[in-house]
Amino acid sequence: MWKCSTVINKNKLIKAEYHTFYTLLFAMAVNAVHLESDAFLVCMNHALSTEKEEVMGLCIGEVDTNRIVHIHSVIILRRSDKRKDRVEISPEQLSAASTEAERLAEMTGRPMRVVGWYHSHPHITVWPSHVDVRTQAMYQMMDQGFVGLIFSCFIEDKNTKTGRVLYTCFQSVQAQKGSEYERIEIPIHVVPHEAIGKVCLESAVELPRILCQEEQDTYRRIHSLTHLDPITKIHNGSVFTKNLCSQMSAISGPLLQWLEDRLEQNKQSIITLQKEKELLTQELAAL
């Protein structure tokens with residue numbers, strides 16, 4: 001319960017002692033986030049694509065009058081720097097994401113824009129680090145409704161010895177004291193969809209190509225060093241080939257199998273719908 005220095009009519013608060021009260025009540029620009037299940041699927045596939053480094057992407061959607069962020073699709077970004085505790089992208093990709101949001105807005109006739117970002121936390125807690133909180137605060141300076149999503153993966157439950165994935169949504173607010181920021185957890189709801197949307201399907205198919213480009217960029221950057229001896233270059237080439245094969249086995253293969261299964265499922269649905277159409281046509285003709 002919040003402490004108040006003055007109370008009127010039992011309930012009306014005039015002055016709160018804690019700055020956090022006003023922060024939560026007035027400064028929070030977003031009430032909740034609705035993440036569509038097909039966009040959630042792409043985020044999960046992206047987060048699980050690599051166990052050693054963090055990955056990052058941008059969320060495309062809209063904000064309604066009730067201050068609820070609706071995330072309809074995501075854009076997978078190619079990393080310019082791969083580390084286990086942080087991820088960096090180029091400004092050109094942010095500009096390209098804004099252009100993609102404008103294209104989706106024209107295609108759907110809805111006010112689509114970049115409404116948030118997501119990244120993974122492999123093997124660590126789902127809660128944002130101080131770097132994440134500062135990054136989120138920087139984004140909110142440009143857009144108060146901007147949100148951050150974190151997917152914590154490759155976490156083992158100590159009791160059941162099974163893997164689990166945790167996710168959260170947050171924003172940043174000014175801390176009670178000092179110039180630092182602190183996180184506010186935003187309620188997030190996954191909205192079920194019977195089928196995957198076209199934009200999310202394109203993002204899912206794009207994932208193997210982006211991962212391959214990242215490996216190629218890393219290999220070319222190292223291979224261009226002039227001081228490497230031939231044995232080292234051969235070794236680096238072998239590592240590059242091994243990484244590509246691992247991606248094909250862990251990402252491209254399962255994705256292809258999933259797409260083939262979805263295609264077969266769609267064919268069966270078409271057959272079922274055609275039979276229903278014939279029955280309805282016969283019933284209509286009998287009237």
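Keep in mind that glycine also has a Cβ here, set from the backbone N, Cα and C atoms.
Since we're looking at a predicted model, the values are computed, not measured.
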Looking at 91-104, 119-132, 259-272, which one is motif 'JAMM motif' according to Swiss-Prot?
-> 119-132
Across the domain 'MPN' (33-176), DSSP labelling yields 42 helix, 57 strand, 45 coil
Excluding the flanking five residues on each side, which residues at least 6 beyond the ends of the coiled coil (256-283) place their CB within less than 8 Å of a CB in that stretch?
-> 196, 205
Across the motif 'JAMM motif' (119-132), what is the average pLDDT of the model, as a whole number?
-> 92
Name, in the order they occur in the sequence, the residues of the same chain whose CB lies under 8 A from the CB of His119 (Zn(2+) binding site) and which sit 6 or more residues away.
-> Glu54, Val55, Met56, Gly57, Val87, Asp132, Leu149, Ile150, Phe151
In all the protein chains shown, the tally of other Cβ atoms within 10 Å of the Cβ of His121 (Zn(2+) binding site) is 24
What are the other residues, in sequence order, whose C-beta lies within 8 angstroms of the center of the C-beta atoms of His119, His121, Asp132 at the Zn(2+) site?
-> Glu54, Val87, Ser120, Pro128, Ser129, Gly148, Ile150
